[in-house]
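Asker: Okay, handing you the structure first.
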């Protein structure tokens, strides 16, 4: 009981501190939309990084949060997997006539919008699968950490509940996919890269993924046909195709994760010759 109270107290203080810093620091008025969004993403990002460092410093046994194993390999793998993850359902919807690109927009300072989306992605992953996740994993187990992080991630994307059950399942399975990749790679780097690719391709380039309302998108798209397939008002994130791709990728990464752990166990018990 004491461990539960102590762990819950740490998580609440961590989470409430992050919210307080993110809300209380004002954003300057009279600036352009692009810089307003950049600062709006930067403040919670800096808050989560600083709080993660501070809270982890007080842990007797430091949590593995900011460890990036084989960064070059993980970055390239994350980009490749992220593109596959996004474009399989996108191209299926487009080729089957459920999604149509209608025209193109001009986005002023596109690179700053992309940087803002990247900052937001890092913030989300550190909040959901950083200190809170690793603390629960150490104090309890992976299952408890996964359940809590998945619920947190889902409620951070509360718009899915308005879009219907498929959209909610898609958010749940996306979180599970990022978690199993975290466990497989022992690093947040690949989940961050994949999540970023999803957000920037879907949110800023094609407008098929829901970001904050002020984010622009380079292409306008038209959603046509059955809502179960097309996603309807929630766009691609409400599509059954995304659900299927998420589940398939979870199964593949989970298989690789179990095989990796099995090989590690074999190496541990192998006799020294």
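Every residue, even glycine, has its Cβ placed from backbone N, Cα and C.
Sharing the record's features from TrEMBL:
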{"type": "DOMAIN", "residues": "109-201", "note": "domain 'CAAX prenyl protease 2/Lysostaphin resistance protein A-like'"}
{"type": "TRANSMEM", "residues": "7-28", "note": "transmembrane segment"}
{"type": "TRANSMEM", "residues": "34-55", "note": "transmembrane segment"}
{"type": "TRANSMEM", "residues": "76-98", "note": "transmembrane segment"}
{"type": "TRANSMEM", "residues": "110-128", "note": "transmembrane segment"}
{"type": "TRANSMEM", "residues": "140-160", "note": "transmembrane segment"}
{"type": "TRANSMEM", "residues": "166-185", "note": "transmembrane segment"}
{"type": "TRANSMEM", "residues": "192-212", "note": "transmembrane segment"}
{"type": "TRANSMEM", "residues": "238-257", "note": "transmembrane segment"}
Asker: Can you name the far-off residues of the same chain, 6+ from the ends of the transmembrane segment (166-185), with a Cβ under 8 Å from a Cβ of it?
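Answerer: Cβ under 8 Å, 6 or more out: 69, 74, 125, 128-129, 133, 142, 146, 149-150, 153-154, 157, 159-160, 191, 194-195, 198, 228, 231, 234, 237-240, 242-243, 246-247, 249-250, 253-254, 256-257, 260.
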Asker: Go through the chain and flag residues at least 6 beyond the ends of the transmembrane segment (192-212) whose CB is under 8 A from any CB in it; none is fine as an answer.
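Answerer: Residues 37, 40, 74-75, 78-79, 81-83, 85-87, 90, 99, 101, 107, 110, 113-114, 117-118, 120-122, 124-125, 157, 159, 174, 178, 181, 218-221, 231, 234-237 contact the transmembrane segment (192-212) from elsewhere in the chain.
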Asker: Near the transmembrane segment (110-128), which same-chain residues lie under 8 Å Cβ to Cβ, leaving out any that are not at least 6 residues past its ends?
Answerer: 18, 34-35, 37-38, 40-42, 44-45, 48-49, 52, 65, 149, 152-153, 156, 175, 178, 188, 191-192, 195-196, 199-200, 203-204, 211, 215-216, 218
Asker: Summarise the domain 'CAAX prenyl protease 2/Lysostaphin resistance protein A-like' (109-201) by DSSP state, stating how many residues are helix, strand and coil.
Answerer: 83 helix, 0 strand, 10 coil
Asker: Give residue numbers and ranges for long-range contacts of the transmembrane segment (140-160): same chain, 6 or more residues beyond its ends, CB-CB under 8 A.
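Answerer: Answer is 7, 124, 127-129, 132-134, 167-168, 170-172, 174-176, 178-179, 183, 210, 234, 237-238.
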Asker: Mean pLDDT, the domain 'CAAX prenyl protease 2/Lysostaphin resistance protein A-like' (109-201)?
Answerer: 93
